[in-house]
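Undergrad: Mind looking over this structure? Questions follow.
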Amino acid sequence: MRTARFVGTRFAGMLLVLLVVAFVTFVVFYVLPADPARMACGRPCSPESLALAREFMGYDVPWYQQFFDFLGGIFGGRTFGTGTAAIHCAAPCFGYDFQNNVDVLSEIGDRVGVSFSVALGAAAIWIVAGVGLGVLSALRRGTAVDRITMAAAMAGVSMPAYLAGMIGITIFAFALDVVPKNGYVPLTEDPAQWAWHLVLPWFVLAFLHAAIYARLTRGQMLETLGEDYIRTARAKGLTERKVVGRHALRNVLLPVITVFGVDLGGLLAGTVITERIFGMAGVGRLLVDAIASLNLPVLLGVTLFSALLVTLLNFLVDLCYGALDPRARLV
(Lines of atoms letter the chains of each structure in order from A and count residues from 1; the text may use other names and numbers.)
(Lines give C-alpha, C1' and ligand atoms only; values in the text may rest on other atoms or scores of the structure.)
Protein backbone atom coordinates (compact mmCIF):
# COMPACT_ATOMS: atom_id res chain seq x y z
CA MET A 1 0.00 0.00 0.00
CA ARG A 2 2.81 2.38 0.94
CA THR A 3 4.70 1.51 -2.25
CA ALA A 4 1.62 2.14 -4.40
CA ARG A 5 1.10 5.52 -2.76
CA PHE A 6 4.77 6.38 -3.30
CA VAL A 7 4.57 5.50 -7.01
CA GLY A 8 1.24 7.31 -7.43
CA THR A 9 2.55 10.46 -5.77
CA ARG A 10 5.66 10.54 -7.93
CA PHE A 11 3.64 9.87 -11.09
CA ALA A 12 1.18 12.67 -10.28
CA GLY A 13 4.12 14.98 -9.65
CA MET A 14 5.60 14.04 -13.02
CA LEU A 15 2.35 14.87 -14.83
CA LEU A 16 2.11 18.21 -13.02
CA VAL A 17 5.68 19.11 -13.96
CA LEU A 18 5.01 18.21 -17.60
CA LEU A 19 1.88 20.36 -17.65
CA VAL A 20 3.72 23.35 -16.16
CA VAL A 21 6.65 22.92 -18.55
CA ALA A 22 4.27 22.70 -21.52
CA PHE A 23 2.44 25.85 -20.42
CA VAL A 24 5.58 27.90 -19.75
CA THR A 25 7.23 26.73 -22.97
CA PHE A 26 4.14 27.54 -25.00
CA VAL A 27 3.88 31.03 -23.50
CA VAL A 28 7.58 31.73 -24.11
CA PHE A 29 7.32 30.71 -27.75
CA TYR A 30 4.07 32.63 -28.15
CA VAL A 31 5.65 35.95 -27.11
CA LEU A 32 8.60 35.57 -29.48
CA PRO A 33 8.58 38.16 -32.29
CA ALA A 34 8.86 35.50 -35.01
CA ASP A 35 5.63 34.69 -36.85
CA PRO A 36 5.44 31.08 -38.12
CA ALA A 37 2.48 31.96 -40.34
CA ARG A 38 4.41 34.74 -42.08
CA MET A 39 7.38 32.44 -42.64
CA ALA A 40 5.11 29.74 -44.06
CA CYS A 41 3.36 32.28 -46.28
CA GLY A 42 6.63 33.27 -47.93
CA ARG A 43 7.46 36.49 -49.77
CA PRO A 44 5.68 38.45 -51.00
CA CYS A 45 2.75 37.77 -48.67
CA SER A 46 -0.38 39.91 -48.85
CA PRO A 47 -2.42 40.62 -45.69
CA GLU A 48 -5.16 38.34 -47.03
CA SER A 49 -2.73 35.47 -47.60
CA LEU A 50 -1.21 35.99 -44.15
CA ALA A 51 -4.66 35.86 -42.55
CA LEU A 52 -5.44 32.63 -44.39
CA ALA A 53 -2.11 31.13 -43.30
CA ARG A 54 -2.76 32.02 -39.66
CA GLU A 55 -6.22 30.53 -39.82
CA PHE A 56 -4.91 27.35 -41.46
CA MET A 57 -2.13 26.95 -38.86
CA GLY A 58 -4.40 27.74 -35.92
CA TYR A 59 -2.80 31.07 -34.99
CA ASP A 60 -5.97 33.13 -35.48
CA VAL A 61 -7.29 32.34 -31.97
CA PRO A 62 -6.15 33.62 -28.54
CA TRP A 63 -2.97 32.12 -27.12
CA TYR A 64 -4.77 30.15 -24.40
CA GLN A 65 -7.01 28.55 -27.03
CA GLN A 66 -3.88 27.63 -28.99
CA PHE A 67 -2.48 26.01 -25.85
CA PHE A 68 -5.58 23.88 -25.31
CA ASP A 69 -5.59 22.96 -29.02
CA PHE A 70 -1.97 21.88 -28.64
CA LEU A 71 -2.78 19.71 -25.60
CA GLY A 72 -5.76 18.25 -27.41
CA GLY A 73 -3.50 17.35 -30.31
CA ILE A 74 -1.19 15.40 -28.02
CA PHE A 75 -4.02 13.23 -26.71
CA GLY A 76 -6.43 13.10 -29.64
CA GLY A 77 -4.65 14.32 -32.75
CA ARG A 78 -5.26 17.55 -34.61
CA THR A 79 -6.42 18.73 -38.02
CA PHE A 80 -5.06 21.90 -39.61
CA GLY A 81 -7.27 23.64 -42.16
CA THR A 82 -10.49 22.41 -43.72
CA GLY A 83 -11.65 20.70 -46.88
CA THR A 84 -9.36 18.93 -49.30
CA ALA A 85 -6.35 21.00 -48.18
CA ALA A 86 -6.70 19.89 -44.55
CA ILE A 87 -3.69 18.28 -42.87
CA HIS A 88 -4.27 15.71 -40.13
CA CYS A 89 -1.66 15.17 -37.43
CA ALA A 90 -2.32 11.88 -35.62
CA ALA A 91 -2.03 11.58 -31.84
CA PRO A 92 0.26 12.17 -30.15
CA CYS A 93 0.67 15.36 -32.19
CA PHE A 94 3.50 17.62 -30.99
CA GLY A 95 2.80 20.12 -33.74
CA TYR A 96 3.25 20.33 -37.49
CA ASP A 97 6.33 21.56 -39.36
CA PHE A 98 4.84 23.62 -42.17
CA GLN A 99 8.28 24.48 -43.54
CA ASN A 100 9.06 20.83 -44.29
CA ASN A 101 5.44 19.59 -44.53
CA VAL A 102 5.75 16.87 -41.87
CA ASP A 103 4.51 16.46 -38.31
CA VAL A 104 7.07 17.30 -35.63
CA LEU A 105 6.96 13.92 -33.88
CA SER A 106 7.83 12.15 -37.13
CA GLU A 107 10.85 14.43 -37.52
CA ILE A 108 11.91 13.68 -33.96
CA GLY A 109 11.34 9.96 -34.54
CA ASP A 110 13.62 10.02 -37.58
CA ARG A 111 16.41 11.59 -35.51
CA VAL A 112 15.93 10.06 -32.07
CA GLY A 113 17.71 6.82 -32.96
CA VAL A 114 20.95 8.73 -33.45
CA SER A 115 20.67 10.57 -30.13
CA PHE A 116 19.65 7.42 -28.25
CA SER A 117 22.55 5.45 -29.76
CA VAL A 118 25.07 8.09 -28.72
CA ALA A 119 23.60 8.65 -25.26
CA LEU A 120 22.97 5.05 -24.18
CA GLY A 121 26.35 3.76 -25.33
CA ALA A 122 28.23 6.60 -23.67
CA ALA A 123 26.16 6.27 -20.49
CA ALA A 124 26.92 2.55 -20.18
CA ILE A 125 30.65 3.30 -20.37
CA TRP A 126 30.75 6.29 -18.06
CA ILE A 127 28.59 4.81 -15.29
CA VAL A 128 30.77 1.68 -15.08
CA ALA A 129 34.07 3.54 -15.44
CA GLY A 130 33.11 6.49 -13.25
CA VAL A 131 31.71 4.48 -10.35
CA GLY A 132 34.45 1.85 -10.59
CA LEU A 133 37.27 4.40 -10.61
CA GLY A 134 35.62 6.39 -7.84
CA VAL A 135 35.39 3.33 -5.58
CA LEU A 136 38.96 2.30 -6.42
CA SER A 137 40.24 5.81 -5.72
CA ALA A 138 38.46 5.92 -2.35
CA LEU A 139 39.82 2.52 -1.31
CA ARG A 140 43.33 3.58 -2.39
CA ARG A 141 43.12 7.04 -0.88
CA GLY A 142 46.43 8.92 -0.90
CA THR A 143 48.17 6.46 -3.22
CA ALA A 144 49.41 7.01 -6.77
CA VAL A 145 46.22 5.39 -8.10
CA ASP A 146 44.12 7.95 -6.26
CA ARG A 147 46.18 10.91 -7.42
CA ILE A 148 46.26 9.80 -11.07
CA THR A 149 42.53 9.07 -11.11
CA MET A 150 41.61 12.42 -9.57
CA ALA A 151 44.00 14.30 -11.89
CA ALA A 152 42.34 12.68 -14.90
CA ALA A 153 38.92 13.44 -13.41
CA MET A 154 39.85 17.08 -12.92
CA ALA A 155 40.93 17.29 -16.57
CA GLY A 156 37.64 15.77 -17.68
CA VAL A 157 35.53 18.07 -15.52
CA SER A 158 37.30 21.21 -16.73
CA MET A 159 37.40 20.32 -20.45
CA PRO A 160 34.61 21.64 -22.73
CA ALA A 161 32.80 19.03 -24.82
CA TYR A 162 33.75 20.63 -28.14
CA LEU A 163 37.45 20.65 -27.18
CA ALA A 164 37.39 16.99 -26.12
CA GLY A 165 35.65 16.11 -29.38
CA MET A 166 38.17 17.99 -31.52
CA ILE A 167 41.11 16.44 -29.67
CA GLY A 168 39.61 12.98 -30.12
CA ILE A 169 39.04 13.50 -33.85
CA THR A 170 42.51 14.99 -34.37
CA ILE A 171 44.33 12.14 -32.62
CA PHE A 172 42.29 9.03 -33.36
CA ALA A 173 40.61 9.90 -36.68
CA PHE A 174 43.23 12.01 -38.47
CA ALA A 175 46.63 11.24 -36.90
CA LEU A 176 46.15 7.53 -36.14
CA ASP A 177 43.26 6.90 -38.57
CA VAL A 178 41.81 4.13 -36.39
CA VAL A 179 38.18 5.33 -36.20
CA PRO A 180 35.79 7.06 -38.65
CA LYS A 181 35.94 10.86 -38.69
CA ASN A 182 32.19 11.43 -38.73
CA GLY A 183 28.86 10.07 -39.89
CA TYR A 184 26.33 7.55 -38.60
CA VAL A 185 25.21 4.12 -39.80
CA PRO A 186 21.82 2.84 -38.50
CA LEU A 187 21.90 -0.23 -36.28
CA THR A 188 19.39 -2.02 -38.52
CA GLU A 189 21.57 -1.46 -41.57
CA ASP A 190 24.93 -2.70 -40.26
CA PRO A 191 25.43 -3.33 -36.51
CA ALA A 192 29.22 -3.50 -36.81
CA GLN A 193 29.48 -0.17 -38.66
CA TRP A 194 26.92 1.33 -36.28
CA ALA A 195 29.17 0.59 -33.31
CA TRP A 196 32.35 1.49 -35.21
CA HIS A 197 31.09 4.98 -36.09
CA LEU A 198 29.99 5.55 -32.49
CA VAL A 199 33.18 4.45 -30.73
CA LEU A 200 34.77 7.91 -30.67
CA PRO A 201 31.62 9.85 -29.65
CA TRP A 202 30.97 7.26 -26.93
CA PHE A 203 34.40 7.56 -25.38
CA VAL A 204 34.55 11.35 -25.68
CA LEU A 205 31.25 11.71 -23.81
CA ALA A 206 32.18 8.92 -21.40
CA PHE A 207 35.46 10.63 -20.51
CA LEU A 208 33.73 13.91 -19.69
CA HIS A 209 30.96 12.34 -17.62
CA ALA A 210 33.01 9.59 -15.97
CA ALA A 211 35.19 12.31 -14.49
CA ILE A 212 32.18 13.77 -12.67
CA TYR A 213 30.99 10.37 -11.47
CA ALA A 214 34.46 9.34 -10.28
CA ARG A 215 34.74 12.45 -8.10
CA LEU A 216 31.19 12.07 -6.81
CA THR A 217 31.59 8.36 -6.05
CA ARG A 218 34.94 8.86 -4.33
CA GLY A 219 33.56 11.56 -2.03
CA GLN A 220 30.47 9.53 -1.17
CA MET A 221 32.49 6.35 -0.59
CA LEU A 222 34.95 8.08 1.75
CA GLU A 223 32.06 9.55 3.72
CA THR A 224 30.22 6.22 3.88
CA LEU A 225 33.30 4.24 4.95
CA GLY A 226 33.50 6.45 8.03
CA GLU A 227 29.96 5.61 9.18
CA ASP A 228 29.32 3.61 12.35
CA TYR A 229 27.53 0.74 10.60
CA ILE A 230 30.60 0.19 8.40
CA ARG A 231 32.81 -0.05 11.50
CA THR A 232 30.30 -2.50 12.97
CA ALA A 233 30.38 -4.63 9.83
CA ARG A 234 34.17 -4.75 9.95
CA ALA A 235 34.12 -5.57 13.65
CA LYS A 236 31.90 -8.57 12.88
CA GLY A 237 34.68 -9.94 10.72
CA LEU A 238 33.17 -9.32 7.28
CA THR A 239 35.63 -9.21 4.41
CA GLU A 240 36.40 -5.84 2.84
CA ARG A 241 34.67 -6.95 -0.36
CA LYS A 242 31.44 -7.63 1.52
CA VAL A 243 31.72 -4.41 3.52
CA VAL A 244 32.14 -2.32 0.37
CA GLY A 245 29.90 -4.27 -2.00
CA ARG A 246 27.04 -5.19 0.30
CA HIS A 247 26.91 -2.28 2.75
CA ALA A 248 28.77 0.80 1.50
CA LEU A 249 28.09 0.74 -2.23
CA ARG A 250 24.32 0.71 -1.84
CA ASN A 251 24.30 4.10 -0.09
CA VAL A 252 26.98 5.48 -2.40
CA LEU A 253 24.79 4.77 -5.44
CA LEU A 254 21.86 6.90 -4.22
CA PRO A 255 23.27 10.33 -5.25
CA VAL A 256 24.91 8.75 -8.30
CA ILE A 257 21.55 7.50 -9.59
CA THR A 258 20.01 10.94 -9.06
CA VAL A 259 22.69 12.68 -11.14
CA PHE A 260 22.63 9.88 -13.72
CA GLY A 261 18.92 10.36 -14.39
CA VAL A 262 19.36 14.06 -15.12
CA ASP A 263 22.46 13.56 -17.29
CA LEU A 264 20.99 10.70 -19.31
CA GLY A 265 17.74 12.57 -19.87
CA GLY A 266 19.62 15.54 -21.26
CA LEU A 267 21.69 13.34 -23.56
CA LEU A 268 18.71 11.36 -24.84
CA ALA A 269 17.03 14.63 -25.71
CA GLY A 270 19.92 15.51 -27.99
CA THR A 271 23.67 15.89 -27.75
CA VAL A 272 23.90 19.16 -29.65
CA ILE A 273 27.67 19.70 -29.57
CA THR A 274 28.61 16.05 -30.06
CA GLU A 275 26.26 15.61 -33.01
CA ARG A 276 27.60 18.79 -34.58
CA ILE A 277 31.25 17.79 -34.18
CA PHE A 278 30.82 14.23 -35.43
CA GLY A 279 28.39 15.07 -38.25
CA MET A 280 25.38 13.19 -36.89
CA ALA A 281 21.77 14.14 -37.63
CA GLY A 282 20.17 13.60 -34.23
CA VAL A 283 17.62 15.51 -32.17
CA GLY A 284 20.28 18.02 -31.17
CA ARG A 285 21.01 18.78 -34.81
CA LEU A 286 17.27 19.13 -35.45
CA LEU A 287 17.06 21.69 -32.65
CA VAL A 288 19.97 23.71 -34.04
CA ASP A 289 18.46 23.72 -37.54
CA ALA A 290 15.08 24.79 -36.12
CA ILE A 291 16.70 27.71 -34.28
CA ALA A 292 18.55 28.78 -37.42
CA SER A 293 15.34 28.78 -39.48
CA LEU A 294 13.09 30.08 -36.65
CA ASN A 295 10.93 26.99 -37.05
CA LEU A 296 8.79 27.53 -33.94
CA PRO A 297 6.63 24.37 -34.16
CA VAL A 298 9.78 22.22 -34.23
CA LEU A 299 11.38 24.24 -31.43
CA LEU A 300 8.29 23.80 -29.29
CA GLY A 301 7.97 20.09 -30.08
CA VAL A 302 11.64 19.31 -29.39
CA THR A 303 11.57 21.29 -26.15
CA LEU A 304 8.53 19.44 -24.86
CA PHE A 305 9.91 16.10 -26.03
CA SER A 306 13.12 16.83 -24.12
CA ALA A 307 11.16 17.80 -21.02
CA LEU A 308 9.17 14.57 -21.30
CA LEU A 309 12.33 12.47 -21.39
CA VAL A 310 13.98 14.27 -18.48
CA THR A 311 10.83 14.12 -16.36
CA LEU A 312 10.24 10.45 -17.15
CA LEU A 313 13.80 9.54 -16.24
CA ASN A 314 13.54 11.50 -13.00
CA PHE A 315 10.39 9.51 -12.23
CA LEU A 316 12.29 6.27 -12.81
CA VAL A 317 15.13 7.59 -10.64
CA ASP A 318 12.65 8.19 -7.82
CA LEU A 319 11.47 4.59 -8.14
CA CYS A 320 15.05 3.30 -8.04
CA TYR A 321 15.75 5.56 -5.08
CA GLY A 322 12.78 4.06 -3.24
CA ALA A 323 13.96 0.53 -4.04
CA LEU A 324 17.49 1.20 -2.74
CA ASP A 325 16.41 3.24 0.28
CA PRO A 326 12.97 2.28 1.69
CA ARG A 327 13.03 5.43 3.83
CA ALA A 328 12.36 7.46 0.66
CA ARG A 329 8.90 5.87 0.39
CA LEU A 330 7.90 7.57 3.63
CA VAL A 331 8.40 11.04 2.14
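One-based numbering along the chain as shown.
Even glycines carry a Cβ here, placed using N, Cα and C.
What TrEMBL shows for this protein is this:
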TRANSMEM  12-32  transmembrane segment
DOMAIN    112-321  domain 'ABC transmembrane type-1'
TRANSMEM  114-139  transmembrane segment
TRANSMEM  151-174  transmembrane segment
TRANSMEM  194-214  transmembrane segment
TRANSMEM  252-274  transmembrane segment
TRANSMEM  294-317  transmembrane segment
Undergrad: Between the transmembrane segment (12-32) and the stretches 114-139, 151-174, 194-214, 252-274, 294-317, work out which stretch tops the count of Cβ pairs under 8 Å.
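TA: Ranked by Cβ pairs under 8 Å, first place goes to 294-317.
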Undergrad: Looking at the stretches 114-139, 252-274, 294-317, which one shares the most CB pairs under 8 Å with the transmembrane segment (194-214)?
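TA: Counting Cβ pairs under 8 Å, the winner is 114-139.
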